[in-house]
Amino acid sequence: MNIAQPVSSEIKSVKFGIYDVDDVEKISVKQIVNPVLLDNLNHPTNGGLYDLALGPYLKNSVCATCHLDERYCPGHFGHIVLPIPAYHPLFFSQMYNLLRSTCLYCHHFKLSKVKVHLFFCRLKLLDYGLLNESEMVENVSLTEAIIKNSNGTPLEDGSDSEDSGLGHDDIAKDAATLMRIRDEFVAKSIADSRQNAHIDAQLTTLLLHERKKVVRAFYHAISSRKQCDNCQSFSPNFRKEGFAKIFEIPLSGKNLQFMEQTGKIRSDVLRDTSKKHHEDEGYDGDSDSSNESEVEGIDLFEEDPNPLKNKSKSPIAHGAKYMTSTEVRNHLRRLFVKENVVLSRLYAHKRGKPASADMFFLQNIAVPPTRFRPASKMGDEVHENIQNELLTRILQSSIQIASLSKDSTVEVNPDEKEGLERRSRAFELLINAFVQLQHDVNSLIDSNRNPSSGGQSRTVPPGIKQILEKKEGLFRKHMMGKRVNYAARSVISPDPNIETNEIGVPPVFATKLTYPEPVTLYNFNEMRNAVINGPHKWPGASHIQNEDGTLISLMPLTIEQRTALANQLLTPQSNLISSPYSYSRLINTNKKVYRHVRNGDMLILNRQPTLHKPSMMAHKARILPGEKTIRMHYANCNSYNADFDGDEMNMHFPQSTNARSEAQFIANTDSQYLVPTSGDPLRGLIQDHVVMGVWLTCKDTFYTRDEYQQLLFQALKPDETGMYGRIKTLPPAIQRPGIYWTGKQIISSVLLNLKPSDRPGLNLKSKAKVPGKYWSPDSEEGSVLFDDGELLCGILDKSSFGASAFGLVHSVHELYGPDIAGRLLSVLSRLFTAYAQMRGFTCRMDDLRLDEQGDNWRRQLLENGKSFGLEAASEYVGLSTDSPIALLNANLEEVYRDDEKLQGLDAAMKGKMNGLTSSIINKCIPDGLLTKFPYNHMQTMTVSGAKGSNVNVSQISCLLGQQELEGRRVPLMVSGKSLPSFVPYETSAKSGGFIASRFLTGIAPQEYYFHCMAGREGLIDTAVKTSRSGYLQRCLMKHLEGLCVQYDHTVRDSDGSIVQFHYGEDSLDVTKQKHLTQFEFSAKNYKSLIQKYKVKSVLSAVDSETASSYAKKALKKPYKYDPVLDKYPPSRYLGSVSEKFQRAVDEYTQKNPDKLIASKKESKLDDSLLNESKFKALMQLRYQQSLVDPGESVGVLASQSIGEPSTQMTLNTFHFAGFGAKNVTLGIPRLREIIMTASANIQTPTMTLRLNDGVSDKRASAFCKEVNKLVLSEVVRQVRVTEKISGQGSDEQSKTYAIRLDLYSRDEYQDEYGVLQEEIESTFSNRFLKILNRIIKSYLAKSKQRKSGGKDDTVPEVGQALKPLEDIDEAPIEGRAQEALEDEDNDATNEKMVSRSKQHASYEGPDEADKVALRQLKGSNKVEDVNMDEEEDEGFKSDESVSDFKERKLLEKQNTVSISERRELQLKTAKEILSNCKHLDFDYVNGEWATVELVFPINTEKLLMVSLVEKACSETVIHEIPGITRCFSKPPDSALDTVPKVITEGVNLKAIWEFYNEISMNDIYTNDIAAILRIYGVEAARNAIVHEVSSVFGVYGIAVDPRHLSLIADYMTFEGGYKAFNRMGIEYNTSPFAKMSFETTCHFLTEAALRGDVDDLSNPSSRLVVGRVGNFGTGSFDIFTPVVDSPAN
């Protein structure tokens, strides 16, 4: 803020609404009437769109309204008056629905007044925040039992009054009584809540959700009535054409007759301009005449209304009457007068004025100021703005209507036929002009709504909607983020010599980036020198800012002039008195010098894509003369995910003291040592430094005094780092035969010089990455041991100073703070660089070679593995390896035809070959290498974690192994070969992509080709997943950005809704809690930690007794007492810790595994020892210090922590769940399914069921067979059809098809599928024939269709998919009534091809799969609306379980019916199903065949009966559990997993309960979260979300802290449903701006404007839109300074 001109006001909230005619006229300075923009001299015309009253037209012109030039004129609105009202295209659907719900006779809603009143009461209560009362008001009618008929039974609101015993008057009287009682209830509820101070005007997610539900129900209720409940009239239906025309469809004959009998007549709303309606509404009576031109005066029905009929050539208007917009408006005006009470609750209205129907129509169109439609000038030519084209068209259409209306009102002699025709033609042209005007208005607001937008050739000018929406729209491109000044961008290059928290700035940036520093006595000399140096010499300055804000540029000044100005920096401005500003205010402000960036300034560095918090950090500037690139330390590479192969980075220079201090103390690099995703370290040394760390700390490295001191000096830089040239050294470890220091002593010396002088040294025990066995069989160099800051044992490698948890640097960070840890990294980096220069490091070919023995091992193993391919193939098809090749090929042929079986073969083959690969690698590396570690530098790199892994070594030295594509082996071509050089269907491993060669000695051409295939797949995956994960992260971000920790430890959304009572359920910060359970570390460093936490000052401020004593009770009796966190806030009560942590501390103190805690006896003797009570107090204190800070944006952190790792995941990863199983969706597709679509129908639903103890394998197998879906085709061996023509003479002839199904033998199908012969018999004679009948009918119908040549939309051509109806208009419509709720807004779905071609790298919109899911959600099957029982009951329709069915069948078998009777009975059943069934038979003895004969007329089209029967067989189900297709036993996850489990494909939880004898009911699990929600409730679903998301990441070994997952799961379920992170989910956000900045801007804008929503700017997005600081982090509180009266000077 400029203190010279402070701004004392800010935007508090934003209210949305709609400008009416008067508002537009008030803000307008001129009516625009001239469609011509410029005259012949290129000057703006009067009354044109560039009229100077609207603002300056070019740079040199002056505004005619405020007389300012183009820099200062704010711009002024104009307006265009339309000759007739036009429909507002964004509100058209809403308006159309209201029209359809209106009775055109009484102009009330067709719904009864009582029901409308109920909705009014509910909405009113919800507006006051009374959710429960809103539910209760529905029951008022039942409890009071007001309306009774003559029998004394309650009368349903909607029941027909004429049928009941009551007369109209009685019902009306009772309805009035009921309404009065409801009103009293509402008034009492509001009064009570006011009294109890419960009223909360704040709109919450829950209230909004409920309100939308009520509104949706209201629209559904009013639009579902055919006859008016109030006056019993039948109103005509309507039909709309596009967004421009509405037609009235005449009443049916029956309804017309009814209306004539009742004598009801519609008033003519066109003829009647009825002043009283307008006065009722609070309008001036003459408002019409002033706003609408003489067109309104035309009586469109005066003589011959026929010209208005059938004007449309479209078939939709056949027999229908075209309605003018005036007529529609007049109907709705009357509705709004009659139903004003409820409509004012639904729609926005001004204070003191009721809601008006005029909001749906445009009479005056506001014209934006010229500065928002600037003309572009090229030389002498002026090009108009593309927006003007739309406005000009409206002007031209308006003028055309005015001239046509004159022609049509000319007096005509009724006898003149020609005159009448002319007038009729004029009418027709007038109507067409009305429609054209409507199209032009539509184009202005939404260019997609205009049908004649000019085809493919020309680009359509964007409408207002297009300007606002999508990534290039106003919201996302110009409000949510902007381009900034004081930024620089360049290539980055590495520099190991600067500090890790510094950034090297090239001089070219240093002289351009400036900071406005106020001049004071303290910095006068510095600022003076800067001004004298000027803009080109560093450190100089570019401008001086005077007290009144004027700037003086130093660019054109000479050194003498600059010196003169520099000397006056403390002199007050001379012309202040005459300036318009107050002298007293400005006298206290300083001059400012825009000085160059200098060493130590904070710069914010950022590398895109900015996926998580550490992608943007603050570094200290260090100007490096002679450089041209940004120089950065290696330790930051991980944070930015940067490398130096040409990456560019952005640099920003904060311009205010607040921003600088936040950068210096919060965003600084040292404070970002731990990543919020998992709490692990992110910064560490890499590559050469790691190798040098290993060499430096080897047991056999010794240094002379010179080397020791030289290394220490180079590392510590005592001259620069504020150590005043002093270095503390250690005595040499070796005195004889010479004086030598060890490498370990150098590390100890570094720590000694870095640690704070008043603190004890570091005590640490950790593991090295290099195992001890690599040095010698019994070496202990694998464990690192520090005692009081001295390195006693162990090698320092990646696990000590790389980005690894619990290593040296991480422990220093925990003990001494981030600054010391940052300095340690810098010092180690310089130390290892210096050592590398002393020692050198290289890698040679000999490091890659195997010795003779190693080569022999490799050769022998490969020789033994040659037959593995044949063995695996033979085993898979159940043959021995010496079986004839022909037999093997015959069996394999079947496998290759079935993709699932082929997948099984691939898995078997891969398993066998991967075993070979592993055995070769294990044998040859490291034992078979020519040079052994540590002298093998390749091994040094891989073993220490510096670069590469064992995979790289093995591919170079051993073999490449099996190549995989999408988890499968290399696929075969049609010829049966994988490449032309192989034999068809070859079983060798090589032909399936196994590469036995190595890079060292070269690979064969075929192997090279396979390797390239696998590489290409990886590249494609990388390219595709960037956009997928980018959009996923954006969806998470927009929903969660408002979630923030409050001062009461709760996590709340920006509307105040509580999402969690404790963040992550224990209130701990992810990064602070990492060391919390490292009890050994805490005990060893007890003294240092006590000093760090300043125990005495903390204990004086908190209660240390209450919570601790309560926690002991609560832990002993958890069912009696609530958890301590629930009762005592952890920030004020020491000992208020989570139960899990308390148990862990207790367990450690009791077991005392490290013998660090003294017993009571020992601590009595020596008071300084660490005893149990001291240790517990320390741990409680550490817990309190690890609490999450209030104001922390945990929602943003959670979304980044899910989004960032998802970019590391492969896109389409499939996990093979065992033979016969479908793949399980994993990776990004699964994440999108859980999080973005919250899908109720997931791609691969499965259940995991644990078998009860004692269930035998045989019973388990039988259970799987019972649950499996069995279709008839699985028991049919072959189908035979005989066709013959029978009968004499052409009239009597017929075609007979004899169908015979040959089944497998009864023993085979009973063993394999556990199915009885009777089941097959019954299925064949019943279900099979029904399905066959349907298939034959469908086939004949299609062939008839083909013959007739007629094309029907519903029957696609061959090879074309039938287009789902929903695709035609992907509007968010729920049922027909939902049209009223939502505008058909398809922001993210339109122009799909355009977005695909652009492939916006990181934030693409929803893809096809998302749209399908969105459509599913839009239907009525929203999870929260699902009737809990209905859906699952339907899932298990058969009233008996499968086992009951079998028992019943067996009983039937015992009551044997004779075979002949069975045959007769089944033939009778068959004839009922198929009238043309002539004969039916079944093998009742052996159950091995079934026959049926079907007769057709001779002229029936030829039927390909075999394929039809095969199709019928595959569709005929013998037995199934609905929803479940397969069941199979689950292979154990590990050797420890001994519990037998089965997996089902498909989910039906209720049906599985039937099998309680086999299945453990407490161990059922499914990956279908929506099913869990329906059956087990919301808490179970919430836990399932956490489990599912974490298992998706678990597959890739990515650690995401459970606190983030629990927050996401809580957010998705805290409303009681399963909310998706998409635009359906954000619908219930209370901030309109937040919704608009996400997707479908105009849909949410329309909604907000119609409802009159208020955005209170509590959401981060909405604050950003209006330019206010966010209310989170440092913005979540204000700082007040105490005002102290200073004594008079």
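From the backbone N, Cα and C atoms, a Cβ is placed for every residue, glycine too.
Here the structure is a predicted model, which means the values were calculated and not measured.
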Candidate annotated in Swiss-Prot as phosphoserine, out of SER267, SER1256, SER1441: SER1441
Range annotated as region 'Bridging helix' - as stated in Swiss-Prot, picked from 134-146, 1005-1017, 1187-1199: 1005-1017
Annotation match for phosphoserine in Swiss-Prot, from SER274, SER1438, SER1658: SER1438
Lowest local Cβ density among ASP643, ASP645, ASP647, which the record lists as binding-site residues, within 10 Å: ASP645
Candidate nearest HIS76 (Zn(2+) binding site) in space, where candidates are the binding-site residues ASP643, ASP645, ASP647 and distance is Cα-Cα: ASP647
Lowest local Cβ density among CYS63, CYS66, CYS73, which the record lists as binding-site residues, within 10 Å: CYS66
DSSP-derived helix, strand and coil totals, residue by residue, for the region 'Bridging helix' (1005-1017): 13 helix, 0 strand, 0 coil
Rounded Cα-Cα span from ASP647 (Mg(2+) binding site) to CYS73 (Zn(2+) binding site), Å: 43
Secondary-structure category, per DSSP, in which ASP645 (Mg(2+) binding site) falls: coil
Nearest of the binding-site residues (ASP643, ASP645, ASP647) to CYS63 (Zn(2+) binding site), judged by Cα-Cα distance: ASP647
Cβ-centroid neighbours of Zn(2+) site CYS63, CYS66, CYS73, HIS76, 8 Å, sequence order: ALA53, LEU54, GLY55, PRO56, ALA64, THR65, HIS67, LEU68, PRO74, GLY75, PRO369
Alpha-carbon spacing, ASP647 (Mg(2+) binding site) to CYS66 (Zn(2+) binding site), which is rounded to whole Å: 50
HIS76 (Zn(2+) binding site): tally of other CB atoms within 10 A of its CB: 23
Check: same-chain CB within 8 A of Mg(2+) site center, minus ASP643, ASP645, ASP647: ILE492, ALA642, PHE644, GLY646
Secondary structure of CYS63 (Zn(2+) binding site) (DSSP, helix/strand/coil): coil
